[in-house]
């Protein structure tokens, strides 16, 4: 039986992070977690990490698509936070962001990982950006690293 498992060390990987500026008080922590995981665990040098800031989560799919199509990166990580408010805006932004990133990922030849928080409250977002529930930015980075190696193994 052949078994393919990814490892998270990818010292030569070139990784782009697309991050939303809206809710940056949360997103800064997601970015910190992602960069820490890439450098410390994945052994990716800071010179091989590109961070692209966009206005909000709605702009992430187009930006990620452009990064994928540039052929400069081995993986792209999307980071952002959408917090439910009193209107239907949350559903539109969260749904379109998720759907758009999923579409880009399925059309891509490289890993596209989802580090976008969709929460009911600011407290839930804070918990997922480095306190009680870990750091979803770091998790998205680890997933990107592992998937780089899984896809390399599959392609031979």
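Any Cβ shown, glycine's included, is placed from N, Cα and C.
What Swiss-Prot annotates here:
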{"type": "ACT_SITE", "residues": "89", "note": "active site, proton donor"}
{"type": "BINDING", "residues": "22, 57, 58, 59, 81, 82, 83, 114", "note": "5-amino-6-(D-ribitylamino)uracil binding site"}
{"type": "BINDING", "residues": "86, 87, 128", "note": "(2S)-2-hydroxy-3-oxobutyl phosphate binding site"}
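Least packed by the Cβ count within 10 Å, out of the binding-site residues 81, 87, is 87. The 10 Å shell around the Cβ of residue 59 (5-amino-6-(D-ribitylamino)uracil binding site) contains 18 further Cβ atoms across the protein chains shown. Here the candidates are the recorded positions 86, 87, 89, 128. The one whose C-alpha lies nearest to that of residue 58 (5-amino-6-(D-ribitylamino)uracil binding site) is 89. The separation of the residue listed as 'active site, proton donor' from residue 82 (5-amino-6-(D-ribitylamino)uracil binding site), Cα to Cα, is 10 Å. In this structure the C-alpha atoms belonging to residue 59 (5-amino-6-(D-ribitylamino)uracil binding site) and residue 128 ((2S)-2-hydroxy-3-oxobutyl phosphate binding site) are separated by 21 Å.
Taking all protein chains in view, 19 other C-beta atoms sit within 10 angstroms of the C-beta of residue 58 (5-amino-6-(D-ribitylamino)uracil binding site).
The most densely surrounded of the recorded positions 89, 128 is 128 (count of other Cβ atoms within 10 A of its Cβ). In this structure, residue 128 ((2S)-2-hydroxy-3-oxobutyl phosphate binding site) is part of a helix by DSSP.
According to DSSP, residue 58 (5-amino-6-(D-ribitylamino)uracil binding site) sits within a helical segment. The highest number of surrounding Cβ atoms within 10 Å, among the binding-site residues 22, 114, is found at 114. Take the Cα of residue 89 (active site, proton donor) and measure to each of the binding-site residues 22, 81, 83, 114, 128: the nearest one is 83.
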